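K.L.:
Below is a structure I'd like to ask you about.
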Amino acid sequence: MIMPLIKGLQITISHMFKKPVTLQYPTERPDVKPGFRGLHALNVSHDKAKCVACYLCPTVCPAKCITVEAGEDQNHDKYAAKYEIDMLRCIFCGYCVEACPVDAIRMTEEFELANYTRADFTYTKDRLLEKK
Amino acid sequence: MVNLTIDGKQVAVEKDATIYDAAKACGIKIPILCHDKKLHPFGGCRMCLVEVEQMKGRLIPACTTPVTEGMIVQTTTDEIVKARKLVLELLLLKHPIDCPVCDAAGDCDLQNLTYEYKVNMNRFVDEKFNHEIDYENPLIERDMNRCIHCGKCARICDEIVSYGAYTFINRGIEAKMGTEFDGPLNCEFCGSCVSVCPVGALNSRPFKFKARWWALQKTKSVCSYCGTGCQLTLGTKDGKVLTTIYDENQGFHNGQLCTRGRFGYQFVNSDKRLTAPLVRRNGKLQEATWEEALAEVTSRLAAGKSDPASVAALATARLTNEELFLFGKLFRGTIGTDNIDHSAGYAHEALTKGAVASFGVAASPAEIADVQKSSLLLVVKSDAYETHPVVGFEINLGVKRKGVALRIVSDKKGKLTRLPGAKTTVHAPGNEVALFNALCKSVIDQGLAAEGVAGLDALKAAVADATAEKAGVSAEEIAAIAKEFASAEKALIILPIGQGYPGHNAALANAAANLAILTGQYGKEGAGLLIMGEKNNSQGAVDMGIYPKGTGLNAAAIIDGCASGNVKTLFVAGENPVVSYPNRKKVEKALENVEFMVVSDLFLTETAAMADVVLPAVSFAEKSGTFTSLGRRVQNVRKAIPAIGLAKSDFEILNTISQALGGARYNNQGEVFTEIAASVPAYKGLTQAGLKDEGAVYPVALTAKLVPAAAKAAAPVAGKLALVTGSALYHCGTMSRFGEGPMYVCPDAYAELNVADAAALKIAEGDQVTVTSGTGAVQVAAKVGKRVPQGVVFSPYHFGEGSVNTITDGAEVTYVSVAKK
């Protein structure tokens, strides 16, 4: 009867001298592992978004949170006149990244996405481009 | 029938079938890139290679090899798959893999086959093409880097459209699909080439980058421009019509469309659409609620019930049968006025008076299917191609494939006159009736009249002095046409009618019918008289009785009534009399004078701008119902998108008014069709569900009668040019002005002159000219060519600015003077 109790306390006390497993967030920052799927970012090449508005990401998106509208630029090329992600709907599955044929979208390590208004969760093309 | 075995399946097919056809018949799919069921076999792409037991040792192209008795065919062996993979590898060697930005992706034969045959490696390496992309023309983008040289564009343009805009140029690896002098494309812009392109080498510019193929919702419907009744598939997304989709299995025309059908859909989502009712307050049209607007309309119409003669109504032949039926019921039944009409009153007379007198039915005796089955076509005016381009394609096919002889009697030349073997008789403008009378006389004189035709003596007397000279044509030509027509196995007269053709009236229909009846060329397949209504539901409007039946006023009399004050309330459903009725000034004055005018329309047209109440109506894409096209085919129109803004269909508008006035009320438009089927004899037994995708041609029982037609003598005025009006190829009525496609190609009114006249008047192509008649003067751009004969000017009637009705007054020919501005 007493032995199991002592054994239990032994484990408890031993932990008092070990490094804690919890992270003292936000003073301590987590070490984000490679392959983490955080906030999206649109890749840039030659000062232009790489996105060619092929609509594969909105097509594959299971949460239907991506809105793309294609436009025609001066060289008659296709570009995303509008690229929006509704972060409230996004399930961070990463299919958009996987589907992209031109490596135009990636997922960053950013995970602190809390905000104050609903509108703040609509990430427009400009906001997605900010983090290069 | 020939029996053969394909992949172990026994199949029996016609002896002129190919292996490809036979495989298709028994449900085996053979991949193709260069083959199209509408075109002659080409055998260029080598995708359809199959193995034939009797021809072992090599692979045989299925699309060009005719079947033989006892043939044993294998369509998928390892060797065949290997060969097909090689073909794809070689095509992909030069093809830029830019599927992400190519609008064809998802609907691309090359992409689909690459996926199906798992061609994910290429053992060859080569540079891609670096051809310049044609962005010059407004409707078709040509990126020859993507071309796989199937040649379908060139073949369809040649075989069906008969334009010939494309051909292969250069040799070997440098071979490419070229245009005239390898310059930018400049053609009719029917877009047939875009529709058959298996890859994204030819793209529709208005649809460029608008949506991906798989995101489009597809709705089968019927085109709302001309009376041909072409079926089309609308590609819609988010409540917008974005494109028309090619479906080779649709309609008699196998998915073929003209410029307006393929590129003219933008009027549906135009920014200019009316989205809320407008009511005139203090002399200005202001937005109002539906309740306010309809209350005003119903109170006026209710007041009109006590004096029905003061109420008049004009409808456009673009409404559905259901709407037109309700329109007739509301005004004729509930309000009790017979003052209803459509299409300016004269544009339907060939049916409502001409065909009734000659054949006993207010419908076209022949149907479209007769065109290719005929052995001789006699086309009245080369404009038949401009008014009904897809019927024009049928004529092309008849002439080129079936060996149909083509005779044209016209006041100008045109595309039809250039077809192989076509013989054109150019007569002086306005002499159509005289010409047909001369033909009848010639038939009688040559003893070619069919035996036992009733009323022959009366006709003989009537045409006794109808000489060829009176028609302005040589006697030999008349005699030759009369002889050919009478002795042809099956001869068909094609008569387009419309608001641009005041001369194509009851008398001309009678005169043409006389020729058919006299020679016995009617009542059988491939023969008779095909009267081609101008608008999508011209035949339906006649069937629904939208014209004065008793003592009511016709359209011209309604306009006069408005001017004199006898008509106090005018209801206009979709018509635009200011631009499309003769004598614009008179019409404007009359409409200003009428006490109360309500217009329901898609746009604030010239007429709607003068109204007291404007009700926003919907286009064909936003409503369901039926249209009856020329040749009496009743077809389903299906709603593809929700109504724009607060707009309501004319059915809803008329239904609400009808109920408020104590008339009938229907729960949906389907109920109206049931009533149509019960009360219109020709539609007996038809149901909307029963019409399915292909529609139904209602039968007619002809009671032929010779009706002498009096020819009005056209009296040329010395020193003046004869103005003839009509339709431009890219436009139909006044609605196509709101479609971007047609406006890119043909944006402004013009007057077409002969080179000799232009030289005499010192006018060059593109000059602004003033055309003056006794009625008024108008300024338009000049077009100079050899199409119109000397002494004749042609001007299309569709445009609001520089509208030709400013100078016409309903006569067949208007004599005008033309001067450089």
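Cβ atoms are placed via backbone N, Cα and C, with glycine included.
Note that the structure is predicted; figures quoted are calculated from it, not measured.
Checked TrEMBL, it gives:
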type: DOMAIN; residues: A:42-71; note: domain '4Fe-4S ferredoxin-type'
type: BINDING; residues: A:Cys51, A:Cys54, A:Cys57, A:Cys100; note: [4Fe-4S] cluster 1 binding site
type: BINDING; residues: A:Cys61, A:Cys90, A:Cys93, A:Cys96; note: [4Fe-4S] cluster 2 binding site
type: DOMAIN; residues: A:81-110; note: domain '4Fe-4S ferredoxin-type'
K.L.:
Sorry to bug you, but what's the C-alpha spacing from A:Cys100 ([4Fe-4S] cluster 1 binding site) to A:Cys90 ([4Fe-4S] cluster 2 binding site), rounded to the closest Å?
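P.N.:
Pair distance, Cα basis, whole Å: 17 Å.
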K.L.:
Mean pLDDT across the domain '4Fe-4S ferredoxin-type' (A:81-110), rounded to an integer, is what?
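P.N.:
Taking every residue in the domain '4Fe-4S ferredoxin-type' (A:81-110) and averaging pLDDT yields 95.
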K.L.:
Cα-Cα, whole number of Å: A:Cys93 ([4Fe-4S] cluster 2 binding site) versus A:Cys51 ([4Fe-4S] cluster 1 binding site)?
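P.N.:
If we compare the Cα positions of A:Cys93 ([4Fe-4S] cluster 2 binding site) and A:Cys51 ([4Fe-4S] cluster 1 binding site), the gap is 19 Å.
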K.L.:
What's the number of neighbouring CB atoms sitting within 10 A of the CB on A:Cys90 ([4Fe-4S] cluster 2 binding site)?
P.N.:
21
K.L.:
List the other residues in this chain whose Cβ sits within 8 Å of the Cβ centroid of the [4Fe-4S] cluster 2 site residues A:Cys61, A:Cys90, A:Cys93, A:Cys96, in sequence order.
P.N.:
A:Cys57, A:Val60, A:Pro62, A:Ala63, A:Cys65, A:Ile66, A:Ile85, A:Ile91, A:Phe92, A:Gly94, A:Tyr95
K.L.:
For the domain '4Fe-4S ferredoxin-type' (A:81-110), jot down how many residues DSSP puts in helix, in strand and in coil.
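P.N.:
Taking each residue of the domain '4Fe-4S ferredoxin-type' (A:81-110) in turn, the totals are 5 helix, 9 strand, 16 coil.
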K.L.:
For A:Cys96 ([4Fe-4S] cluster 2 binding site) and A:Cys54 ([4Fe-4S] cluster 1 binding site), what Cα-Cα distance in Å is obtained after rounding to a whole number?
P.N.:
12
K.L.:
Name the one residue among A:Cys51, A:Cys54, A:Cys100 whose Cα is closest in three-dimensional space to that of A:Cys61 ([4Fe-4S] cluster 2 binding site); these are the binding-site residues.
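P.N.:
Minimum Cα distance from A:Cys61 ([4Fe-4S] cluster 2 binding site) across A:Cys51, A:Cys54, A:Cys100 lands on A:Cys100.
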K.L.:
Hey, what's the Cβ neighbour count for A:Cys51 ([4Fe-4S] cluster 1 binding site) at 10 Å?
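P.N.:
The answer is 25 other Cβ atoms.
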K.L.:
Could you check the binding-site residues A:Cys61, A:Cys90, A:Cys93, A:Cys100 and tell me which sit with their Cβ under 8 Å of a chain B Cβ?
P.N.:
none
K.L.:
Under DSSP, is A:Cys57 ([4Fe-4S] cluster 1 binding site) helix, strand or coil?
P.N.:
helix
K.L.:
Near the Cβ of A:Cys57 ([4Fe-4S] cluster 1 binding site), how many other Cβ atoms are there if near means within 10 Å?
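P.N.:
So the number of other Cβ atoms within 10 Å of A:Cys57 ([4Fe-4S] cluster 1 binding site) is 23.
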K.L.:
Does anything in the same chain, at least 6 positions from A:Cys100 ([4Fe-4S] cluster 1 binding site), have a Cβ under 8 Å from its Cβ, and if so what?
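P.N.:
Long-range Cβ contacts: A:Leu56, A:Cys57.
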